[in-house]
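**Student:** Pasting a structure below so you can have a look.
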Amino acid sequence: MTEKSNGVKSSPANNHNNHVPATIKANGKDESRTRSRPQSAADDDTSSELQRLAEMDAPQQRRGGFRRIVRLVGVIRQWANRNFREEEARPDSFLERFRGPELQTVTTQQGDGKGDKDGDGKGTKKKFELFVLDPAGDWYYRWLFVIAMPVLYNWCLLVARACFSDLQRGYFLVWLVLDYFSDVVYIADLFIRLRTGFLEQGLLVKDPKKLRDNYIHTLQFKLDVASIIPTDLIYFAVGIHNPELRFNRLLHFARMFEFFDRTETRTSYPNIFRISNLVLYILVIIHWNACIYYAISKSIGFGVDTWVYPNITDPEYGYLAREYIYCLYWSTLTLTTIGETPPPVKDEEYLFVIFDFLIGVLIFATIVGNVGSMISNMNATRAEFQAKIDAVKHYMQFRKVSKEMEAKVIKWFDYLWTNKKTVDEREVLKNLPAKLRAEIAINVHLSTLKKVRIFQDCEAGLLVELVLKLRPQVFSPGDYICRKGDIGKEMYIIKEGKLAVVADDGVTQYALLSAGSCFGEISILNIKGSKMGNRRTANIRSLGYSDLFCLSKDDLMEAVTEYPDAKKVLEERGREILMKEGLLDENEVAASMEVDVQEKLKQLETNMETLYTRFGRLLAEYTGAQQKLKQRITVLEVKMKQNTEDDYLSDGMNSPEPAAAEQP
């Protein structure tokens, strides 16, 4: 009947749909089971439920449509809440590997509403912990630049505005905007300081409580808080044109000095930055002194004597630019003590000039000392290099070296200085730890070393050892790097320049070697059976100035001592190269192997004889020691026996005689 009423043939899908009404009738029971079902069962995917609802016939869907919609909404809501909780509770495995155990939060528990709130709080705290600035990072340095700007603004313009009333009144709206913008930056800096990490046991601390305690208990925190006290509120009592009420903003100076220190460390031109920094300090002092001079002149009275600022009623001296430039000129002459200024008249003027002279002497001494030291540091490398040249010149003159050779040596030194190749890498890097030296050497030389055929597919540890042993060498035009028949003790890698393989006449060129090429690597391995042996097979000459890296045979053997497997790999690699080039005599290799076996047997026999001799000597020493020990034991036994007999006799003589019989 079902098939006829539907007008279609029965199918598995239709048969399945026939059972749907029964399922719908049991919705109430299903809902109760769903509420009592464990959490693990409730976590099943709802896709099957959606599919089951979609497969229902239209009439059946209309009969229980509202109930199914309600149930579907409930299931979707439950599924969304579950995924939301899982998203918050899921730990970041990548970050957890780098965060300390004290920062790892416990996974949120799924349960009632209170547990959800706790989980949300912990998740928020966990995310908040990630926003910790590393004081050695780039973002912290950029923030130092941001905070240094308002600090420098306050240090320069607050004093000027307090002294020059025209400057304060003429641009009041500009100062109002800049003042409160700097206040916002100050407040932001206070919070950033609370989120700035520090190192403890070599690890960056990210615990908010530790960060807060580390900052709050410092003097800098007190100064930072004092610098953001809203003293501007006093404007309502005394008027808005009193910028001296904001002098507490000057207490935030430490951040500017910290920015200067970090910039000096980061910059590639530290000497130039030190000079610029020193000039900035001097200009700020001169600026402050000019402002104070104008303020003193205002308090005494403009134009009352020759020392103070002229009367501002005079049009020549009555505008702001002339006021500041005149005071700045007077301050510069006074502090540098290089010009004549009007003499003081009143006592307070004398005291101020005396104070200025003392400050000027300190400034002059600081300039001379710092600039002289900086110039000496800047010229230290040049002076050391020039001393080497002078020593070589003196030696060549003493030994009466030819002018041509002397000119060649001077040109070689000139090439080194012009191309900045005078630095001794080992001397410069000797103060670094071995690991850092290795990393620098790897970054500089590893790609070059990998170009050598015998070092391809070599063990990484051995390559690191070899990289540390590469020595740069510079050859002049026409210099022979090696000659045919010379014993090969080094291998060379060309960094820059052109080398030519020439005939014995030194003119005919057979081949040209450029940057990245290498030669001499086979000869330093001393591979047995090589037709070349350890001798050079060609003349190699530098066409111009050439920069090469040199690796000596002794350094290679010292490095492979700790890597015996790598040594075998290198020798095998060298044999393969020689075989490809037809330079390996297999008969000689076999003969050398037989010779090696015989030598090993002879060495073994020698070692056995040596061991036998040593064993015989030790046995003789052991026998002699046993005899001496037995003799000493015998002597001790005799002495013990004699002592026992003597003690027995002495005891018998000292015992009392038997008492005589009593008389009747």
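Cβ coordinates are placed from backbone N, Cα and C, and glycine is handled just like the others.
According to Swiss-Prot, the protein carries these features:
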type	residues	note
BINDING	Gly520, Ser523, Arg536, Thr537	3',5'-cyclic GMP binding site
COMPBIAS	1-20	compositional bias 'Polar residues'
REGION	1-49	region 'Disordered'
REGION	337-340	region 'Selectivity filter'
REGION	460-580	region 'Cyclic nucleotide-binding domain'
REGION	644-664	region 'Disordered'
SITE	Phe364	site 'Central gate'
SITE	Val368	site 'Central gate'
TOPO_DOM	1-144	topological domain 'Cytoplasmic'
TOPO_DOM	167-176	topological domain 'Extracellular'
TOPO_DOM	198-222	topological domain 'Cytoplasmic'
TOPO_DOM	242-246	topological domain 'Extracellular'
TOPO_DOM	266-272	topological domain 'Cytoplasmic'
TOPO_DOM	297-319	topological domain 'Extracellular'
TOPO_DOM	380-664	topological domain 'Cytoplasmic'
TRANSMEM	145-166	transmembrane segment
TRANSMEM	177-197	transmembrane segment
TRANSMEM	223-241	transmembrane segment
TRANSMEM	247-265	transmembrane segment
TRANSMEM	273-296	transmembrane segment
TRANSMEM	320-354	transmembrane segment
TRANSMEM	355-379	transmembrane segment
**Student:** On the DSSP side of things, how many residues of the region 'Selectivity filter' (337-340) fall into helix, strand and coil, could you say?
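**Tutor:** Summed over the region 'Selectivity filter' (337-340), the classes give 0 helix, 0 strand, 4 coil.
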**Student:** Any chance the transmembrane segment (320-354) and the transmembrane segment (145-166) have 3 or more Cβ pairs under 8 A, given the pairs are 6 or more apart in sequence?
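**Tutor:** Yes, the transmembrane segment (320-354) and the transmembrane segment (145-166) are in contact.
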**Student:** For the transmembrane segment (145-166), which stretch among 177-197, 223-241, 247-265 has the most Cβ pairs under 8 A?
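**Tutor:** Answer is 247-265, with the largest number of Cβ pairs below 8 Å.
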**Student:** Where else in the chain does the transmembrane segment (355-379) make close Cβ contacts, counting only residues six or more beyond its ends and a cut-off under 8 Å?
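**Tutor:** For the transmembrane segment (355-379), the far contacts come to 271, 274-275, 278, 282, 285, 289, 331, 334-337.
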**Student:** Which range out of 177-197, 223-241, 247-265 gives the transmembrane segment (273-296) the most CB pairs under 8 Å?
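**Tutor:** Comparing 177-197, 223-241, 247-265 against the transmembrane segment (273-296), the winner is 247-265.
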**Student:** Just jot down the residues in the same chain as Phe364 (site 'Central gate'), at least 6 apart in sequence, with C-beta under 8 A of its C-beta; none if empty.
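**Tutor:** Within the chain, Phe364 (site 'Central gate') has Cβ neighbours under 8 Å at Thr336, Thr337.
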**Student:** For the topological domain 'Extracellular' (297-319), what are the DSSP-based totals of helix, strand and coil residues?
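**Tutor:** Its residues fall into 7 helix, 0 strand, 16 coil.
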**Student:** By DSSP, how many residues in the topological domain 'Extracellular' (242-246) are helix, how many strand, and how many coil?
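**Tutor:** Here the numbers are 4 helix, 0 strand, 1 coil.
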**Student:** Counting other Cβ atoms within 10 Å, pick out the least crowded of the binding-site residues Ser523, Thr537.
**Tutor:** Thr537
**Student:** Between Arg536 (3',5'-cyclic GMP binding site) and Val368 (site 'Central gate'), find the distance joining the two CA atoms and give it rounded to the nearest Å.
**Tutor:** 59
**Student:** Where else in the chain does the topological domain 'Cytoplasmic' (266-272) make close Cβ contacts, counting only residues six or more beyond its ends and a cut-off under 8 Å?
**Tutor:** 141, 374, 377-378
**Student:** For the 3',5'-cyclic GMP site made of Gly520, Ser523, Arg536, Thr537, how many Å separate the two farthest Cα atoms?
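**Tutor:** If we measure all Cα pairs in Gly520, Ser523, Arg536, Thr537, the largest is 10 Å.
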